[in-house]
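K.L.:
Relevant sequence annotations retrieved from TrEMBL are reproduced here:
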DOMAIN    3-118  domain 'CUB'
DISULFID  Cys3-Cys30  disulfide bond
DOMAIN    120-216  domain 'LCCL'
DOMAIN    223-380  domain 'F5/8 type C'
TRANSMEM  443-468  transmembrane segment
Amino acid sequence: DGCGHTVLGPESGTLASINYPQTSPNSTVCEWEIRVKPGQQVQLKFGDFDIDDSDSCHSSYLRVHNGIGPTRTEIGKYCGFGFQMDGLITSKSNEVTVQFMSGTHTSGRGFLAAYSTTDKSDLITCLDNASHFSEPEFNKYCPAGCVIPFADVSGTIPHGYRDSSSLCMAGVHAGVVSNTLGGQINVVISKGIPYYEGSLANNVTSKAGPLSTSLFTFKTSGCYGTLGMESGVIPDSQITASSVLEWSDQTGQVNIWKPENARLKRVGPPWAAFISDDHQWLQIDLNKEKRITGIITTGSTLAEYYYYVSAYRILYSDDAQKWTVYREPGMDKDKIFQGNTELYQEVRNNFIPPVIARFFRINPLKWHQKIAMKVELLGCQFSIGRVPKITTPPPPQNKNGEKNDDLSDDFIHSVKTSLQTDKTTFTPEIKNTTVTPSVTKDVALAAVLVPVLVMVFTTLILILVCAWHWRNRKKKSEGTYDLPYWDRAGWWKGMKQFLPTKSAEHEETPVRYSSSEISHLRPREVPTVLQTESAEYAQPLVGGIVGTLHQRSTFKPEEGKEASYADLDPYNSPIQEVYHAYAEPLPITGPEYATPIIMDMSSHPSTPLGVPSISTFKAAGNQAPPLVGTHNKLLSRTDSTSSAQVLYDTPKGQLGPGATDELVYQVPQSTAHSTGSKDE
């Protein structure tokens, strides 16, 4: 009376103490006898072990024996809370006895163990989940009997299962392994998803689960495609039934729930049997033999008709005459499949091993109100490979050249036996129409080259864009330490179109003063040079255009009502507020206004003796008579703190202090006459 969950398969199984994982009751006992194929050994692995050891394994313990019956020998006796048993317990024969004794105790969950033959070296238990393994991909062997009520599964195929799910129980749910046989699983770990759906499959209910860091899926043969019920590949004429529900509604309209209505996800009524008994069936003709790996069913899917099938059998045939009921290997009873629990939910059941047949029948055994269902079959194409031809060599001859009849007969018999053996043991070639064809070398190469080329072109585009932006920024930054923008060629011509129109006589040509060049010229040539050279100083911005300040400007900003260039209008334009660009603020210790430019020409060989310097600024006290076409006066301020002797320009015909033979000063561009000397 101490036996709990128990499934003993021919190659593997699972056993647990009563009431596991809750505390086992007092004074109970259970004994399991395990047998595998002769010539093999049994290995035992514990997933959980928690047995009271307060009396040193006297009344509560687990004992393992080699063999069965009176001749058995003890392998070991075990007890302890949270006992961790490393490795496996291996028998010496194909038979093992496991005995559990529970005495008087107040705590202890008992145990859960799995067993298999020793050739399954990667055996795990039903309690192992994906978080117990660090590899991104691994193979493990699941024992039979892992559909247990105390393990959880979250997720479904093809999206994957939450990492906290039992690996083996999820394998049963996915249809990878059988609960009664166990089997090998190939697990792949990947990144988790925010939500895991729940579903019912292979008598395992998967629950909805929240976000997890990782999930796992299974690698399979891929033979799980739909066979044509939903898509219509299977025509209506190939779907038949034992009976059809037919009735008239209140409006007098006749309703017939035909067999062809039994297509999964098809809108409308399902197939329903006219008689509700366990002799009804729905038959599907696949037109040729197929490899059938599973079935999906639903109820009526009509809210007003709450009909569904809750249990059924599967029958299959090659000729629709002789039928075989599906059974699991090694079982002597028909397999009863769990059906729907309500009319909407899709329930999946897998066939392990698959069914190879052309005709497929569903025989409902239990239902709700009436037999009604919609169906889809899962699987792939199936074809048998041809047996290679065997060329029989000529029979051996004796020395006289005659055939040896005895040897010939024996040889032919041997060849026939070999051929017959090949036919019966030949593994059929499985072809799956739902699996993506294998990728060729060219496709694999293209799959590598295409991303590389895309990355290269993307990189080139980014480089070009960055170069373009850098070039624009460089253009914007040009001139910071160069000539002002308005000093460049062509700027003043472009600005003229924005300035007020003025007469020719008012145009003024700026003058560039260069002491090095003037010193090499004769005094009479100076006026001509001054008229042709461009100005070194920035011209005042007029016409209401506000320029930016620059370090080469030598104009003083307007201050109150003081006379300045802002008070004069050289272009006879209406009086308006004019802003000038002027120099950066001078140091506090320096003069307030720009220092007059003094050119020392006394040291030049061509300069007459006694001429100390020439300046283009006129003293405020010496008002020069106005020149023709000139509307502005030259105002000058000198630094009162300067100690240098300054000679200011004077108009022609007047002698100033220290005057020389030739004195020149700025001449407007519009003046047509040339400046003469006193000799003229």
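Heads up, the Cβ atoms here are built off N, Cα and C, so glycines get one too.
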K.L.:
Could you put numbers on the helix, strand and coil content of the domain 'CUB' (3-118), residue by residue per DSSP?
P.N.:
0 helix, 61 strand, 55 coil
K.L.:
Which Cβ among the disulfide-bonded residues (Cys3, Cys30) has the fewest C-beta neighbours inside 10 Å?
P.N.:
Cys3
K.L.:
Restricting to the domain 'LCCL' (120-216), report the mean pLDDT as a whole number.
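P.N.:
Averaged over the domain 'LCCL' (120-216), per-residue pLDDT gives 94.
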K.L.:
For the domain 'LCCL' (120-216), what does DSSP give as the number of helix, strand and coil residues?
P.N.:
11 helix, 38 strand, 48 coil
